[in-house]
Amino acid sequence: MLNPTNGDPGHVVVNYVEEYLDLVESLPFDLQRSVSLMKEIDAKYQDVLKELDDAYERYRRESDSLQRRKLQLSIQRALIRSQELGDEKIQIAGQMVELVENRTRQIDWHSELLLSSQEVTPGSGGGDKAGGKRSRRQKNGENRESYGGLDHAEEVGVGASREKRAKTSSKKKKRSKGKSEREVSPPDLPIDPDEPTYCLCEQVSYGEMIGCDNDECPIEWFHFSCVGLHHKPKGKWYCPKCRGENEKTMDKALERAKKERAYNR
């Protein structure tokens with residue numbers, strides 16, 4: 001049996017070849033047995049057909065009603081026997097098809113194991129930054145799950161509290177706004193050096209992020225707070241770099257985002 005967990009590529013290939021040869025070489029012998037049975041049944045079927053023809057010829061020439069009745073019974077038995085032999089041939093043919101399909105599935109399965117064992121190599125765990133980048137198939141405005149683990153029930157609670165804050169004083173609104181901004185700030189947790197970074201601030205993913213619609217954008221994903229967004233914009237969105245804004249404007253936005261994060265901490 002092919003063992004995909006074995007780290008030796010040569011051993012994996014040898015196992016695959018052995019399994020492949022065992023499956024392929026034994027197939028002709030298994031099929032040969034079925035073909036031999038088919039030939040035996042076909043020979044019996046030809047004998048029954050000959051018997052049927054003889055009984056029918058005698059029936060045509062026979063004038064005695066009793067003899068004709070006996071010949072009718074013989075013809076009926078021959079027809080039933082021929083049908084049984086035909087059913088046996090169909091059954092064997094189905095077994096042959098199933099045998100070939102099973103061997104094909106086994107070969108495909110071993111091929112997949114071989115390919116998967118070649119893909120899993122030492123050091124390919126999760127340290128590849130390029131592999132860790134977000135796919136562009138993820139649409140803009142995707143909500144990245146923060147390190148705090150905000151679940152659906154908590155999101156509903158935040159929505160309800162926002163409605164309540166709308167009726168409170170401006171002082172309470174200010175405090176609530178500060179709390180809301182702190183929720184999307186980067187968490188004070190140890191950062192894996194192998195984790196990919198994003199945005200103008202070159203930090204890891206947190207909170208809500210938006211992707212630039214320019215396929216050639218070198219950064220791709222941005223934090224809402226770093227690009228001055230509070231909600232997902234309608235239509236396509238392009239980052240400051242791709243919009244052609246100068247470095248001075250981007251530096252100001254980045255500095256403002258850093259100050260907001262420092263204040264929220």
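Glycine is no exception: its Cβ is also placed from the backbone N, Cα and C atoms.
As annotated by TrEMBL, Zn(2+) 1 binding site applies to CYS199, CYS201, HIS223, CYS226.
DSSP assignment over the domain 'PHD-type' (196-245) gives 7 helix, 9 strand, 34 coil. Marked as domain 'PHD-type' by TrEMBL: 196-245.
Annotation source TrEMBL lists region 'Disordered' at 116-191.
TrEMBL lists TYR198 (among others) with the feature site 'Histone H3K4me3 binding'.
With a 10 A radius on its CB, MET209 (site 'Histone H3K4me3 binding') counts 24 other CB atoms from all the protein chains. Annotated site 'Histone H3K4me3 binding' per TrEMBL: MET209 (among others), in sequence order.
Neighbour count (other Cβ atoms within 10 Å of the Cβ, all protein chains): 15 for ASP213 (site 'Histone H3K4me3 binding'). If you look up TrEMBL, you'll see ASP213 (among others) marked as site 'Histone H3K4me3 binding'.
The site 'Histone H3K4me3 binding' annotation in TrEMBL covers TRP221 (among others).
Counting every protein chain shown, the number of other Cβ atoms lying within 10 Å of the Cβ of CYS201 (Zn(2+) 1 binding site) is 17.
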